[in-house]
């Protein structure tokens, strides 16, 4: 990752050439094929990098407005939101690879009907949620005091993965004033093991949402684009064979691009290192089907969602398997991220 885009492109081109039907190097050499190609059934996937730091952004205008409606009664954005990509520092040590079970967290919360005088209680989270996000890995880093500019930010981004930023909403809401999320977030974050490089995503470039008012110059892109990546969330209850799709959305809905996220992250001289992980925030779209967490879909447990293969949910239950998937659709081919999954384990 740290060697830079010219090396990434050369490696990708070489591998594609070796796997092509026209190249006999592997195709006609059974011994070499046996050494080079490993059946997926024999492979245990691990995290694709040693993650030194993890930052979570808040880049969906739809998600931000929906949350405002739920908690403040109006579709509104904070005064700073249209001027900078808002973010907070996450916990890198609890980022885990897809397939790892996520234990329901313990913590403090308060009764939903609290009058402000009722003392908080301690126990397992009663409002465990998923958040459909994507995240990118930093390629070449920079030293403390340096900055990445908007014009060269893409050269510092290796590629993208799927992410589930699990959230305990009751714990999160009680603790978040005044410094933001803590125990309601840091108990687990799942990512898919396969990184899709930006070269692989090149055919799926598309226009990014128009930004009004215009950004400050350091965030203004000369070539503004994002990627058309259809995304899905499915829930499979414990003991069930079938999974129910509960969300269909798209990466292209995000207001702030990955180049703007990385540029803003370093504008103050903050250093980034190879393998650092920067996440998009919840990728909600304009309609209910594309709302990418249960907080939005149930208006914070005010009503149920119905699973297509049976069952209802306000928030996640123990044993629920949550599966994210993403696949770019080409002309007769797909470029897929695989899945990002995790099963809710009972609190200990």
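Each position is counted from 1, following the chain as shown.
Quick reminder: no glycine exception, Cβ is built from N, Cα and C everywhere.
Residues or ranges marked as domain 'Fumarylacetoacetase N-terminal' in TrEMBL: 1-48. In terms of DSSP secondary structure, the domain 'Fumarylacetoacetase N-terminal' (1-48) contains 29 helix, 0 strand, 19 coil.
On the 0 to 100 pLDDT scale, the model's mean across the domain 'Fumarylacetoacetase-like C-terminal' (55-342) is 96. Among the features that TrEMBL reports, domain 'Fumarylacetoacetase-like C-terminal' is placed at 55-342.
Within the same chain, residues at least six positions away from residue 131 (Ca(2+) binding site) with a Cβ under 8 Å of its Cβ are 164, 165, 166, 167, 281, 282, 292, 293. Here TrEMBL flags 56, 131, 133, 165 as Ca(2+) binding site.
Neighbour count (other Cβ atoms within 10 Å of the Cβ, all protein chains): 27 for residue 63 (active site, proton acceptor). Annotation comment: TrEMBL describes 63 as active site, proton acceptor.
Listed in sequence order, 54, 90, 91, 94, 95, 96, 163, 164, 165, 166, 279 are the same-chain residues six or more apart from residue 189 (Mg(2+) binding site) with CB atoms under 8 A from its CB. The Mg(2+) binding site feature in TrEMBL is assigned to 165, 185, 189.
Each residue contributes its Cα atom, and for residue 133 (Ca(2+) binding site) and residue 63 (active site, proton acceptor) those atoms are 11 Å apart. Taking only the Cα positions, the spacing between residue 56 (Ca(2+) binding site) and residue 185 (Mg(2+) binding site) is 10 angstrom. Listed in chain order, the residues near the Mg(2+) site other than 165, 185, 189 are 56, 90, 91, 94, 131, 163, 164, 166, 167, 186, 188, 279, each with its Cβ within 8 Å of the site Cβ centroid.
Listed in sequence order, the residues 132, 135, 163, 164, 167, 189, 279, 280, 281, 282 complete the 8 Å Cβ shell around the Ca(2+) site centroid, once 56, 131, 133, 165 themselves are left out.
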